[in-house]
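Have a look at the structure below before the remarks.
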Amino acid sequence: MQIYMVGGAVRDRLLGRPVNDHDWVVVGATPDDMVARGYLPVGRDFPVFLHPETREEYALARTERKSGRGYRGFVVQTSPDVTLEEDLSRRDLTINAIAASADWTGAEDLFDPYGGARDLQARVLRHVTDSFREDPVRILRVARFAARFTDFTVAPETMQLMREMVHDGEADHLVPERVWQELARGLMEPQPSRMFDVLRDCGALAVVLPEVERLWGVPQRPEYHPEVDTGVHLMMVLDMAAHLQAPLTVRFACLTHDLGKGTTPHDVLPRHIGHEQRSARLLKAVCERLRVPVECRELADVVAREHGNIHRSGDLGAAALVRLLERCDAIRKPARLDEILLACECDARGRLGFADRPYPQRARINAALAAVQSVTTSSVAAHAAQLGLSGPKVGEMIHAARVQAVADWLHATAQPAPEPQGNAG
Ligand SMILES: Nc1ccn([C@@H]2O[C@H](COP(=O)(O)OP(=O)(O)OP(=O)(O)O)[C@@H](O)[C@H]2O)c(=O)n1
Ligand SMILES: [Mg+2]
């Protein structure tokens, strides 16, 4: 048997990028040969094995043929006769279809029958052969690679092929978990907007995330949003989230915070009264459809509901600030408040001309939370007990003490009154 390094490891080393995991292809072996050498079989559908020590993936060279629609419709053919070239021909992109010897250090010759090294130099994402069609997840992968390799473009013939696949209904049968997995990865890349550009361009966005697709062409008030178009705004917010190195929870909240603007009645445009509640409803549907993990879902829900209130929080007094913090569950979950505020900052700075503006709401709300946290609930409760109070009355006293603490902080940070005459100097 011969073992070759393939996929991301070869690609990334040629690009001078760090290599994290390796994918290997094994030619001239049967599953029994692999088991005999101590490799562990994984997965029912594909002949893939884990190395007994490194745990890296070793796949038997294979050809894949489509037998039905969607991700499940594969017939995988593997035999010791499948050549390396045949195996590479059914891979997604030329830049991922370069093979190197197992001990390749970067200097030796490559096996590159489909021009992957040339496409790497030309910065092109190009499909290898028509067998690209066999796996619609590849549409999402191409979009994700566009977000990662920000100076690469999608070859026109590949874009055309992806459009045909979407037109033929291939994207209708994507498994929700795979959609989420690719989407989540793409959101974490340096320029997430490029993923959405590619998905829109081939028509896949309308299939996998129609709630997002619908935002293009929806105007917003130019006083607040000089970029006007809601889709354009959304892309700026996502790229700001990447710029600020936000975690996935925040990036997903950014993606969904304005979904409700897509269903604003035409006669009220470009205003979006009540879009926050509509966003939250649409978000719920997206999360159920794509089985979005609960941390992402919860953060996105608060951000959808509260982002407008947080943007306008500069005008809020003590009682309203405490209510806002309570709605954000910030007293129990202060770390999550940080994420809510970061998503709001991305939203505010993800507007044309606002990228470098400060977002003072963040520090102000954090300071209000610190004031709330300075209230020792146990001593308020003890005081309430001395007064003979119990039940909801204790809660009310704690709430009142928090409002007082925030009021005191607001008073202390307010502009100092002008010095009385005679005291100066
Ligand atoms: N739907 C897919 C998934 C994977 N591959 C092939 O399998 C290799 C390894 O897949 P994976 O590890 O998922 O991707 P990488 O290209 O290694 O990229 P990443 O850096 O994201 O791991 C890819 O390079 C590609 O040759 C493919 O053709 N089609
Ligand atoms: Mg890999």
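Here the Cβ of each residue, glycine as well, is placed from N, Cα and C on the backbone.
Where the annotation comes from TrEMBL, it is an automatic prediction and has not been curated.
Remember, predicted model here, so these are calculated numbers, not experimental data.
For Gly8, Arg11, Arg91, Arg141, Arg144, the entry in TrEMBL reads CTP binding site. Reduced to three states, the DSSP call for Arg144 (CTP binding site) is helix. When other Cβ atoms within 10 Å of the Cβ of Arg144 (CTP binding site) are tallied across all protein chains shown, the result is 24.
Look at TrEMBL and you will find Gly8, Arg11, Arg91, Arg141, Arg144 tagged as ATP binding site. Annotation for Arg141 (CTP binding site): same-chain Cβ neighbours under 8 Å, separated by at least 6 residues, are Asp92, Leu93, Glu182.
Residue environment of Asp23 (Mg(2+) binding site) contains 17 other Cβ atoms, counted within 10 Å of its Cβ in all protein chains. Sequence annotations record features per position, and here TrEMBL assigns Mg(2+) binding site to Asp21, Asp23.
Taking DSSP states H, G and I as helix and E and B as strand, the domain 'HD' (230-331) has 78 helix, 0 strand, 24 coil. The domain 'HD' feature in TrEMBL is assigned to 230-331.
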Which of Gly8, Arg11, Asp21, Arg91, all binding-site residues, has a Cβ with the fewest other Cβ atoms inside 10 Å:
Asp21
Filtered binding-site residues, from Asp21, Arg141, Arg144, whose Cβ is under 6 Å from an atom of ligand 2:
Asp21
How far apart, in angstrom, are the most distant Cα atoms among the ATP-binding residues Gly8, Arg11, Arg91, Arg141, Arg144?
16
I'd like to confirm something. Which of the binding-site residues, Gly8, Arg11, Arg91, Arg144, has a Cα closest to the Cα of Asp23 (Mg(2+) binding site)?
Gly8
Between Arg11 (CTP binding site) and Asp21 (Mg(2+) binding site), find the distance joining the two CA atoms and give it rounded to the nearest Å.
12
Mapped DSSP class for Asp21 (Mg(2+) binding site), helix or strand or coil:
coil
What other residues of the same chain, not counting Gly8, Arg11, Arg91, Arg141, Arg144, have a CB atom within 8 A of the CB centroid of the ATP site?
Gly7, Asp92, Leu93, Ile95, Asn96, Phe145
